[in-house]
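J.: Please read through the structure below; I'll follow up with questions.
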Ligand code: HSE
C-alpha cells in the first residue's frame, strides 16, 4: 500500500434561500494522512478534535467500514493521522467532510473505483441532504436536488469571483436543534415568495451580479427568520458587514457561524474590521475552494 492523503474542504450550506440544496466549499480543510499498518490507528492533530481517539469508534472508520461492507470488501487496516481546521457543530460542514473522508478512505483502501456521483449518493445517504456533501466533493458553489437515494441531480456554478468572511462564535449549535425551530409547511404564497428569492439569488450569481445575489441571500424566507433567534449577534453581524461593503451575510448551514460574501480580495480587510467588533469570535477570511475532495499519493 502506498501512503496517501485525502483532503476535504469545509462547506457552508444554504447560502440564505438555497435551504437544503445549495452550498459552497471554503478554504478550511479536513486532511487524512494514511499509511500502512497491521492494525487500525487514528491520531488527531487539531485543536478541534479530542486528543486520543479510539480507532474502532472513530466516525470516519465507521463510515469507511460501512462502505466497504456495502461493496462486500474487508477494510484493510491503516494508520490515519487526521488534521483539521474545521470546528465541530458550528455550521461549517464538519460532519459532511468526515462522511466524505470515510467514503474516500474505503474507496482507496478497497480499490472500489467509485465515481464522484457514486460518492455524492453515498454521502447523501448518511447526511440526509446533499447541500454540504456536494461542494465537499466537487468544490465551488453547487446546487443539488435529491429525489430518492438513487436520484440526485446537481450543477456546479462557474467559478465565483468572491471572498467570504466567516464569523465563528465560541458556542456550538447542533443541526438537530436548529432544525426543530423550522416550520413543517409553508402556505402557497410564502413558498412562492421564498422560491422566487432563491431563483433570483442563483441567477444573479450566474450573471455575476453580486449586489443582487447578496440582497436575495439576506431575504431568505425558508429558514433564517426562524433561526435568527438561535444565532448570537445575528442582526449586528449582518448590519455591520453591510456597512463595511459585504454583498450579503447569512447563517452558515444550520449555524451558529455566519458568513459574509464580499468582493474578491476584500475578505482580509473585512475580517480584520469585523474581528475588532466581535469579542469571543474567530473571524477570518475564507477563500472559495474550487477543487473539493482531493487524493494525493506520496512517493
Ligand atoms: N441545510 C442544513 C440545515 C445544513 O440548514 O439544516 C446543515 O446540515
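From the backbone N, Cα and C atoms, a Cβ is placed for every residue, glycine too.
These came from TrEMBL, pasted as-is:
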- 87, 88, 89, 90, 91, 92, 93, 94, 95, 96, 97: ATP binding site (BINDING)
- 59-140: domain 'GHMP kinase N-terminal' (DOMAIN)
- 201-279: domain 'GHMP kinase C-terminal' (DOMAIN)
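How about a rundown of where these features are and what they're close to?
T.: Within 10 Å of the C-beta atom of residue 95 (ATP binding site) sit 17 other C-beta atoms, taking all shown protein chains into account.
Taking the domain 'GHMP kinase N-terminal' (59-140) as a whole, pLDDT averages 97 in the prediction.
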J.: An 8 Å radius from the center of the 87, 88, 89, 90, 91, 92, 93, 94, 95, 96, 97 Cβ atoms defines the neighbourhood of the ATP site; name the other residues of that chain inside it, in order.
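T.: Near the ATP site, the remaining chain residues are 10, 86, 253.
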J.: Over the span of the domain 'GHMP kinase N-terminal' (59-140), count residues by DSSP class, listing helix, strand and coil in order.
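T.: So the domain 'GHMP kinase N-terminal' (59-140) is made up of 46 helix, 7 strand, 29 coil.
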J.: Can you count helix, strand and coil residues in the domain 'GHMP kinase C-terminal' (201-279) using DSSP?
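T.: Reading the DSSP string over the domain 'GHMP kinase C-terminal' (201-279) gives 42 helix, 10 strand, 27 coil.
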J.: Which residues, sitting 6 or more apart from residue 91 (ATP binding site) on the same chain, put a CB under 8 Å from its CB?
T.: 12, 13, 173, 251, 252, 253, 254, 255, 256, 257
